[in-house]
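A.B. asks: Sharing a structure here in structure tokens format.
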Amino acid sequence: AYIDPGNYSTGVVAGATFRFKLLCAGLMSNIFAIFLQSLCIKLGSVSGLNLAEACRAFLPRWLNYFLYGLAELAIIATDVAEVIGTAIAINLLIPKIPLVVGCALSIIDVLFILLFYNPNGSMKYLRSFECFVSVLVLGVVVCFCLQLSLIKDTSVVEVFRGYLPSREVFQSQGLYQACGILGATVMPHSLYLGSGLVQPRLREYDVKRGIIPASTSSELENKLPYQPSPSAIKACLKMFVIELTISLFIFALFVNSAILITAGASLYGTPVGEADLFGIYNLLSTNLSSAAGTIFALSLLLSGISAGIVGTISGQMVAEGSLNWTLRPWLRRLITRSISIVPSIVIAAAVGREGLNDVLNASQVVLSITLPFITAPLIFFTCRDRYMTVRSPQYCDEVVTRNELVNLDERDAPQSEMKMTNNWVTTAVAVIIWLIIAFMNVANLVLLGKGVGG
């Protein structure tokens, strides 16, 4: 979820405009992503509900519908970026295929969903699917390792200095691009995904130890999420957070930094019209080697496919959790991708390369704008004892309905319980992060309203 064509586009433009100075925005966004995802893991582990299910269970209906609409908007914005990125990658690899046809061909990833992904299957198949996506991501990492090795005449000191805060972030264009990097990194749909992927592993832990009976596929489809046992949470929570931190710092931060560094080393000082995915491909192919350009295009294609698959899983969780609306994953993917393809094809046909690049960058800013709304309930839930209390096994040996979770009176609670709400330090950090995200987006919208930046 953290490496997709949106990251490529924002990284390329930031590198071409400010060289390495917006690496600090990427680092900040990565730290925010790790912190917020840790809260998602905590919510999903303790309550047994993903973020969408928690919103449906604990928030007023109107607010749940509002947040659902924003989540779907974010998913469509993400998918637009994936359509455009995939189309550009196909066009770069096979120039005879025009951008319009490339947009249409991006729907092929529905076949991957249809063949490989079954959310209610066994952990064996779920892990196989995870490995498949991981191989795609690893392919992107390898491509950029090769890419960085081909860069010459770039100061390592200057690169690392880019991770320090810079005044360029607060300039109009810098703020717009920083918001794009933020949206591309702390992707709203990934928060739903992070809170939902922990339950199968927690359930597996409880089943192996006989705490709950093994459920068949049909039972999993018809029952609501169970409340994990205290032992499962204690055993798995820290491991989940460590796994998340390693994956984001080793893979996501590396790839997103590599994109910006490659663009900064290759495109800085070039005309604005060339500061896009086509421009960096042409420069890499001309100045380094044709292999460098091919590696870049291939990594763009792989990231688009893997991010599209992850987006489908997130969309499924959002629809089922918020509305209890169940669709087969491939059908969900087909609908979402069809909505995204139509405007992409129109833009590709009408304005071509420049229009696609502008839409690609704008889609990431849209993601950033939705973040304050989607992260607010996450912080709220994890700060309240009512939602973040692990109860004794008598509440964990069966599937618990949302009404039971909502209406559970404190006087009826078991004697043995463990409160896992955020401590005051975590709460303070969460509020500060939320305020920074909100301030950046408000300032960006004000500047855009005045016709400055963008």
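In case you wondered, yes, glycine gets a Cβ from its N, Cα and C as well.
TrEMBL feature annotations, pasted as is:
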type     : residues : note
TRANSMEM : 20-44    : transmembrane segment
TRANSMEM : 65-91    : transmembrane segment
TRANSMEM : 97-117   : transmembrane segment
TRANSMEM : 129-151  : transmembrane segment
TRANSMEM : 174-193  : transmembrane segment
TRANSMEM : 244-268  : transmembrane segment
TRANSMEM : 288-313  : transmembrane segment
TRANSMEM : 334-352  : transmembrane segment
TRANSMEM : 364-383  : transmembrane segment
TRANSMEM : 424-448  : transmembrane segment
A.B. asks: So are the transmembrane segment (424-448) and the transmembrane segment (174-193) touching or not, going by 3+ C-beta pairs under 8 A with a sequence gap of 6 or more?
C.D. replies: yes
A.B. asks: Using a threshold of three or more Cβ pairs below 8 Å, and leaving out pairs closer than 6 in sequence, do the transmembrane segment (244-268) and the transmembrane segment (364-383) count as in contact?
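C.D. replies: In this chain the transmembrane segment (364-383) does not contact the transmembrane segment (244-268) - fewer than 3 Cβ pairs sit under 8 Å.
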A.B. asks: At least three Cβ pairs under 8 Å linking the transmembrane segment (244-268) and the transmembrane segment (20-44), pairs spaced 6 or more in sequence?
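C.D. replies: Yes, the stretches contact each other.
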A.B. asks: Grab the same-chain neighbours of the transmembrane segment (174-193) for me: Cβ-Cβ under 8 Å, and only residues 6 or more beyond its ends, written as numbers and ranges.
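C.D. replies: Counting only partners 6 or more residues beyond its ends, the transmembrane segment (174-193) has Cβ contacts under 8 Å with 1-2, 4, 6-7, 9-11, 13-14, 17-18, 21-22, 25-26, 28-30, 32-33, 36-37, 40, 50-52, 70-71, 74-75, 78, 168, 252, 256, 310-311, 313-315, 317-318, 321, 361, 364-371, 374-375, 378, 437, 440-441, 443-444, 447-448, 453-454.
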A.B. asks: When each of 20-44, 288-313, 334-352 is checked against the transmembrane segment (65-91) for Cβ pairs under 8 Å, which one has the most?
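C.D. replies: Out of the listed stretches, 288-313 contacts the transmembrane segment (65-91) most.
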